[in-house]
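Can you read through this structure? Questions will come right after.
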Amino acid sequence: MEPAASGSPQPSSPSTSPPPPPQPSRYESQKRRDWNTFLQYLRNHKPPLTLTRCSGAHVLEFLKYLDQFGKTKVHVETCPFFGHPDPPSSCSCPHKQAWGSLDALIGRLRAAYEENGGRPDSNPFAARAVRIYLREVKESQAKARGIPYEKKKRKRKPTVTSVRLDVDLTSSVTGDGSNSDSPATSGAVPSLG
Ligand SMILES: [Zn+2]
């Protein structure tokens, strides 16, 4: 009195799993998400704003709007932790978008704008004002956290480094902060003839 189909093995597929289907790269999917976020921002803009009328000033507005979703604490100058890369306790300073995130975001949106039919010479993400704003954010965040970006720049790696920089900064709170590839001479004792 057993059910008929019990115990019959499925001969069709051996247990090897097929290779994963090709996926859009993380960069591409992130770019698409960013672009949709920006289009949505334009739709909700008051007064309404179309892409063709969008200027660098609007891009700056957008970047400032994103700060409310930021996760990077940026100390104000009056905070006792201003300039401390690793504060011993918390404070009430606001969270903002890290410079590295904004910089990468602008790069993706600049590309997306042209991929969606925008003309390079009217690309609002390539506007001078945007570049200046990003540089100001970078410098002020570097000061607020006591980390000079200039020093790290010396490594001169491709632009991807700028994103990594920011990851390093936030993760160094939990890490031991040691920098293995710095040319520290502390261990090496030179022989004195
Ligand atoms: Zn603070």
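In case you wondered, yes, glycine gets a Cβ from its N, Cα and C as well.
Bear in mind that TrEMBL entries carry predicted annotations, made automatically and left uncurated.
Features from TrEMBL:
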COMPBIAS  1-15  compositional bias 'Low complexity'
COMPBIAS  169-185  compositional bias 'Polar residues'
DOMAIN    26-153  domain 'ALOG'
REGION    1-31  region 'Disordered'
REGION    145-193  region 'Disordered'
Tell me the residue counts in helix, strand and coil for the domain 'ALOG' (26-153), as DSSP assigns them.
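Helix (H, G, I), strand (E, B), coil: 82 helix, 4 strand, 42 coil.
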What average pLDDT does the predicted model assign to the domain 'ALOG' (26-153)?
92
